Amino acid sequence: MTMSDQPTPSAILDGVDLRALAASLSTPFYAYSAGAIRARVQGLQRALDGLDARLCFAVKANSNIGVLHLMAGLGVGADIVSAGELWRARQAGIAASDIVFSGVGKSADEIAAALDAGIWKFNLESADELALLQDIAYGRGVVASAAVRVNPDVDARTHAKISTGRAENKFGVDIDEARGWFANAGRSPNVRLDGLHAHIGSQILELAPFEQAIARVAAFWRELREAGHRIDSIDLGGGLGVCYRAGHDRPIDPDDYVAVLRRELHDFDGRIVLEPGRYLVAEAGVLVTRVLRVKHGRGRDFLVLDAAMNDLQRPALYDAWHDIHVVQDASAPLQCYDVVGPVCETGDTFARDRVLPRCAAGDLVLIGGAGAYGASMSSNYNSRPLLAEVLLDAGRYAVVRRRQSFAQMIANEQLPTAWSEA
Ligand SMILES: *Cc1c(COP(=O)(O)O)cnc(C)c1O
């Protein structure tokens, strides 16, 4: 195999030659195209043109502060699910007034931190949480603005582990219960219940589940309006799917999605909120890794990469497909590989039976669709330091997270020299 002298087109991302970058930074690392993220944000913003709409990026999809800072500059707020994400969003320059707080397990400390920061809205998921927010807001002498997360009981027809809108899922409350919350709103004077929220799942590639969910939320809003309740925001969550497999996954056109909002909510006079995560960043990112070795097994050839399941969990967790590109001469013969990482788990497999140009140790490999739920889900399993993240923009790059050092990896650990009694 020979590597061509000219970088192949697939090795250029946002004007940056990833081969040159990989020669100066050690692999593996994540690279994100700022241009691609901007294009997604602005495409969605254009589709929403004329509506009173706000994008709140789901921070859990990619929580790097460099990425969040880019979002802030584009006028995008944040959908957070923890105090840690609140902290990150604020560090990155996202205004508290552009932050919504979702999640079934908000703790008292997290609610207090979000109230003190002055976030825009709490997306409440249980009666217990409503009571807790009332208590904490009362204690501070403030009134919190909150939306009820309703579970519209629709099947998003996505992977079971990322479906959230069925009656049996842990998220939100059913419309009957939500009705009761509004009827009894007077019992929680420190919570202004003025929003509806729904998020039915992730990586959704069909419009129908969104149409059903939006129609149910819209019908509930009309019912509340008739009953005299003022709703000033309807938040339809995230979930827009992306293309992980070229020629196979067909994402929803944002204009078609927004057309449903325009139709179902044509008479809604408040603000529409969307919480896209994956859609804004997944396809903008690649995991840049190298072949450590090619191992010939019985009837199988294994491509052993220097990236592993701790760096990108999606294949191990969801059996997710990611397109894989080998950066080299297009004339190399094709071969079938199981693409694996060095971690001591059979699940540490990025792909099985994948046909790729024949590889040798040292070849650069790009795992696509890695900008969402990649670095943000990574771990130190097998004591592998968290990897670097790099933002690329029109031929330039900036390291937005340095690779963790061994010392940083064990910084909070200590030998048991001082024993105490509880
Ligand atoms: C995860 C999540 C999102 C983002 O989902 P994507 O599929 O990445 O768009 C939005 N809202 C809530 C409440 C979430 O839990």
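Glycine is no exception: its Cβ is also placed from the backbone N, Cα and C atoms.
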Q | Further binder of pyridoxal 5'-phosphate named by TrEMBL next to Glu275, Pro276, Gly277, Arg278, Tyr373, taken from the candidates Gly228, Gly239, Gly247, Gly341 | A | Gly239
Q. At the level of the C-alpha atoms, what whole-angstrom distance separates Tyr318 (substrate binding site) and Tyr373 (pyridoxal 5'-phosphate binding site)?
A. 11
Q. For Lys60 (N6-(pyridoxal phosphate)lysine), what is the tally of other C-beta atoms lying within 10 angstroms of its C-beta?
A. 20
Q: Check the binding-site residues Gly239, Glu275, Arg314, Tyr318 for any whose Cβ is under 6 angstroms from an atom of ligand 1, and report them in sequence order.
A: Gly239, Glu275
Q) Taking only the recorded positions Lys60, Arg314, Glu345, which one has a CA atom nearest to the CA atom of Gly239 (pyridoxal 5'-phosphate binding site)? A) Lys60
Q: Reduce the DSSP letter at Arg278 (pyridoxal 5'-phosphate binding site) to three states and note it down.
A: helix
